[in-house]
Structures are given as structure tokens and as C-alpha cells.
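In what follows, a structure is listed as C-alpha cells, so that the remarks can point back to it.
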Amino acid sequence: MSKANLLHTDNNMKITLFSEVSVGISANSILFVVHLCKLLHENKPKPIDLYIAFFSITQLMLLITMGLIAVDMFMPWGRWDSTTCQSLIYLHRLLRGLTFCATCLLNVLWTITLSPRSSCLTKFKHKSPHHISGAFLFFCVLYMSFSSHLLVSIIATFNSTSDNFLYVTQSCSILPVSYSRTSILSTMMTMREAFLIGLMALSSGYVVVLLWRHKKQARHLHSTSLSSKASPEQRATSTIMLLMGFFVVLYILDTVIFQARLKFKDVSTFFCVKIIISHSYATFSPFVFICNDKYMIKFVTSMCGRIVNV
């Protein structure tokens, strides 16, 4: 079989990947539960809480799916059939795309929410949840269509000696795809991702400019020293910038590893490193929300206190 078959013998990669998935599932579960409680207990729940809850459940499903795929990569208990391979890998690819999309739309919604009344975005404040929902539904259909080729190209691996397939797990492989088809799919994915990253960059830049103007006006109006405590706007801005910076860095690393993997003909180490990097955002992004939200900090602290007392 291909070198990818040696994955199950690499204990370091196995431990790293399963640790990442476990931490990510725990963090996203906490983030989802906290914002679900907010939505259920508040009289007028904020749209941003709804989208953070959705963002966390999408990442949670992504990591659970990755965990199932990782089991077949490192600890195969039995061969999957083609239907199982196609369903899980298609769902995983779809959830990765939706996580990308949810990150972008959450960034845009936060920008609209933080914009002042004098801003040109004020008219979108009441309509933004509906527009964001419509945009997400559109991207969901788009990602489903982009990933539909996997339902044909993914098969169960029956011939363990063939070098013509690109091995995904011990049970699943990808059929060879023509160069023209690969080029078309790559171009479409690049355009889609460039658009979303550009939208994230614009919204993040807009928030930074707004915050800078706000601080400048505050210094002008109050000559006395300002409070050292960060305002909700400042905490929200730092959250946006941290998420944006973390996302871009991991996206660049993921692209570099992907190109290296193609150059070195699917070396198992590059394959596994790419998987770890491509799921790092889903694992660690919840901690950005947890560390920048007072409600989240109180919830986690009280929960840890109860566990210690037990």
C-alpha cells in the first residue's frame, strides 16, 4: 500500500491528533452550552450569541467526524464499505467548509453589531441576522455542490497493493482525477476562499478603524486618565483580531503543507501534519471566546470549582 498505510504505526502523530480532537470537542462543547444557556435565559437574546452557538456546534461536529476518520487511520477495527467512506468524508469536507464560512459571517456580524449609529452599517443592524442566515444557506448549498465529486471519487480500498489511489484512511481511497478537473476544482476553491478571507480582512480592518476613532474621541472628551479596564468593544475587537490572525496563519500553514505533500508524493508525515494543522483552528478558537468573555470565565471557573469539590 501507499506510505499513508504507515500512519497507524506512528504513535506520536496518533497521540497528537487524538489529543487535539479531544481538547477541541471539550472546548466547543463548553462554548455551545454556555451560549445555549444565554439564549434560553435572556429575555432578548443577542443574535451574536446565536451565531457563536452555531459556530461552536459546527466545529464540534467537524471534530467528531475527524475523530471517527482518525480511528480508521490509526486503529482500524474493520473495513468500511464505500457508502460509509463517502458519507463520512463528504460530511467532513462539508463541515470544514461551513466552519470557514461561519468564521467569516460571524466576523461580519460582529462588525455590524459594533458599528456606531453614525456608521453606514447601522441600517443593517436589525436586518443582519436574516441576511447572514441567507448568506450562510447560500454558502451551504455552494459547499455541498463543490464537495459532491467526493460522492463519486471516494471508494473503499479493496486492493491494498495498488499505487494508483490517494489513500485517505486504511479503508478509504480517492480515485485518480484528471488534471483539468483538478485544476477547475482548485480554482473554484481558491476563489471562494480568497473572497471569504478578503471579507474577513475588510470587516476586521473596519472594526479597528472604528475603535481607534472611539479612543481618540474619548481622549479628547476626557482629559483625565482612562480606566485600565477594557471596554466590551475593546474585548470584542481583540477577539475578532485574534480569530482573524490565528485563522490566516493556520490557513497559510495548511496551504504550504498541502503543496509539500503533493511534491513529495503523499508522504504520510505531511499527510498527518496537514490534518493536525487544518483542525487546529476548530480546536483552539473556542479558547479565544472563553478568555475574552466575562460570562464564559465565570461559568468555567464555577464549573471547575464544582469538579474540585466533588
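For all residues, glycine too, the Cβ spot is worked out from N, Cα and C.
Topology note: PHE74 and ILE297 are separated by the membrane (different topological domain names in Swiss-Prot). A disulfide bond in Swiss-Prot ties CYS85 to one cysteine from CYS37, CYS140, CYS172, and that cysteine is CYS172.
Two recorded stretches are said to be in contact when at least 3 C-beta pairs lie under 8 angstroms, sequence spacing 6 or more; the transmembrane segment (94-114) and the transmembrane segment (17-37) fall short of this definition. Around the Cβ of CYS85 (disulfide bond), the same chain contributes ILE154, ILE155, ALA156, VAL168, THR169, SER171, CYS172, each under 8 angstroms and 6 or more positions distant in sequence. Model confidence over the topological domain 'Extracellular' (156-193) is summarised by a mean pLDDT of 73.
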